[in-house]
Amino acid sequence: MTRLHKGALDKTPGATPVPMPRIQRETWVNWALLGLLLLAPMIANALGEVYYVNLATRIAIVTMAAVGLNLAIGYGGMISFGHAAFFGLGGYVAGISAFHAFDMTPVLSWPITMPGTDNLLVIWLVAMLSCAVLALVIGAISLRTSGVYFIMITLAFAQMIYYFAVSWPTYGGEDGLPIYLRNQFPGLDTNDPLTFFLICFAALVLALAITARLMQSRFGAALTMARLNETRLATAGIAPYPIRLVAFVISAVITGLAGALFADLNGFVGASMLSWHRSGEIMVIVILGGVGRLYGPLSGAMLFVLMETLLGGLTEYWLLFLGLILLFVVLFARGGVMGLLAGRARHE
Amino acid sequence: MTLSLLFEQLLNGLQLGTMLFLMASGLTLVFGVMGLINLAHGSFYMVGAFVTAWTAGTTGSFWVGLGAGILAAAAVGAVVELLVIRRLYHRQHLDQVLATFALILIFSEGTRWLFGSSPLWLNVPEALSGAVALPGGSRYPVFRLVIIAVGVLVAVALFLLISRTRLGMRIRAGESDREMIGALGIDIAKLYTLVFALGAALAGLAGSMIGALQSVQVGMGEPVLILAFVVIVIGGIGSIKGALIGSLLVGLVDTLGRVFLPSLFKLFMTPAEASGVGAALASMLIYVLMAIILAFKPKGLFAAND
């Protein structure tokens, strides 16, 4: 914490900024990873390897989902085991809207008539709003508790949404819902893999920028203190509960937008996007990358998707090896990939 | 709505409840004594079911299979505790969640590797395969009644174990002050392994018996695990009494909701719509119950020390 305050003081005119070598190294790693993610699909596209462009898109989207969760877990100390609910809800908004746009039927006919649309801007807005509302409800109840209760309650709420999606027959139930035509962004051709990648990449950069900006603000300082020492925050005259709730909602919105993009990438949305394995997967990515580091999710997602692709190509049982690696990381290699690449975290 | 249907569904709810209790009591004991959240508890349920089905298929005896299933679950529990879990007691909950999530992946994929993806089948033992008449005329399988009886027996035995024996005294002492019982010369490491293996054995018992009702397949432990989480959150984490009451509540509400909600909606909807809406809402019912209880009691109905 002392460093955080010193950083704030350094901004006063006249103070000579002393760069921390460790932090600088992390910044270099961050830029290198982001550059790699941007350049690799461009090269792949130039070589005509569409498969790798889509793989990079997948990494960008999964990273974004994890950036959302990282805000809750890493910065806010709220161990949500139910972020698949938001990921899936975002996906279902994209799927349902496309379904009605394709069918030319309204999404809602009462109390107002709401037609389906394939305009991504509208879909994203609706996805983010619905995730915000859902997160507000789940968060308002779950944040009354803490510790293990919080973990289990977020898990249980996500399961509730999952079972609802499975048993609700209108939108495919267990079979899921195909998106026949990828939703459109005004003025761009989203069917072009590289264009769609760039859209996802831009959304990811935006999510990273918002998280960074948020954590440098007074709100971010309050959120950090809510994690480190709740009593101290309350003593300073700031109630921890609303701070946490707002962070939880923002976190859900970011993950939900990633879900909407994911559905469009795959041309399909199903209950698997809501399952608790998905929550675990997003959490694994956050941890593999390094908890509470801005770019941790990026390195985690790269490692995860590459392992999924490479190991999954070698053996049907790749999850067994993922389990072993994860167990090893948790037991012996704390700090994740970013810990290895950029040294220990600020605070531990 | 006939009386016999109501009676039958009450028994079904009770049976689900007692099975949930076998899972939830282990989870809540491990949390109460060691402060550990264990997602891999469902894996012991699966291990119990697979070993029982495999042994019963090989030897032809359900009872040998049942014994083998319980022992295997306890042994796997003890080994996992020695190798992995004991490194996690002093870690944060996040580490515990991830490490035990990793264990789920290892167990599920390992089982798929050993036994393949197709489910195994386990038959109800000959002696218990009949049915008895219920008041109202319908018949109810004996085996399900036996499951209820086993659940009740385990609940009583656990109660006696914890309140009347030396081991139970140590468990209670471990719940309230672990440093102190260590200082009094009790081997905490051994106590922890024992409690963990006991929880695993109960989960294995549940898996073995349910294996005779459903197909034995990879991933069968997960839905039960999540229901057991709902149970202990409702009952209060760490409380055996809470686990018992929570199990019965969840078992009854879930079973009755699935049967009666669709018929309730048929009163003012078309049958097709009613069954869709009813099924969707019924599947959410226990989570709504949980949310309501937590809104009034954030630590559950019978919160233990914590």
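We count from 1, first residue shown onward.
Here the Cβ of each residue, glycine as well, is placed from N, Cα and C on the backbone.
Bear in mind that TrEMBL entries carry predicted annotations, made automatically and left uncurated.
TrEMBL lists A:28-47, A:59-77, A:84-102, A:122-141, A:148-165, A:194-215, A:241-262, A:282-306, A:318-342 with the feature transmembrane segment.
Sequence-distant residue pairs (6 or more apart) of the transmembrane segment (A:59-77) and the transmembrane segment (A:241-262) include at least 3 whose Cβ atoms are under 8 Å, placing the two stretches in contact. In summary, the transmembrane segment (A:122-141) lies against the transmembrane segment (A:241-262): three or more C-beta pairs, each 6 or more positions apart in sequence, are under 8 Å. Sequence-distant contacts of the transmembrane segment (A:194-215) (same chain, at least 6 residues past either end, Cβ-Cβ under 8 Å): 34, 37-38, 41-42, 45, 53-54, 56-57, 60-61, 63-64, 67-68, 70-71, 75, 120, 182, 185, 188, 223-224, 250, 254, 257-258, 261, 264-265, 294-295. If one looks beyond the transmembrane segment (A:148-165) by at least 6 residues along the same chain, the residues whose Cβ comes under 8 Å of a Cβ in the stretch are 78-85, 88-89, 92, 134, 138, 141-142, 171, 173, 271, 274-276, 279. Here the transmembrane segment (A:318-342) has long-range neighbours at 22, 25-26, 29, 284, 287-291, 293, 295-296, 299-300, 303, 307-308, 311-312, 348, meaning same-chain residues at least 6 beyond its ends whose C-beta is under 8 angstroms from one of its own.
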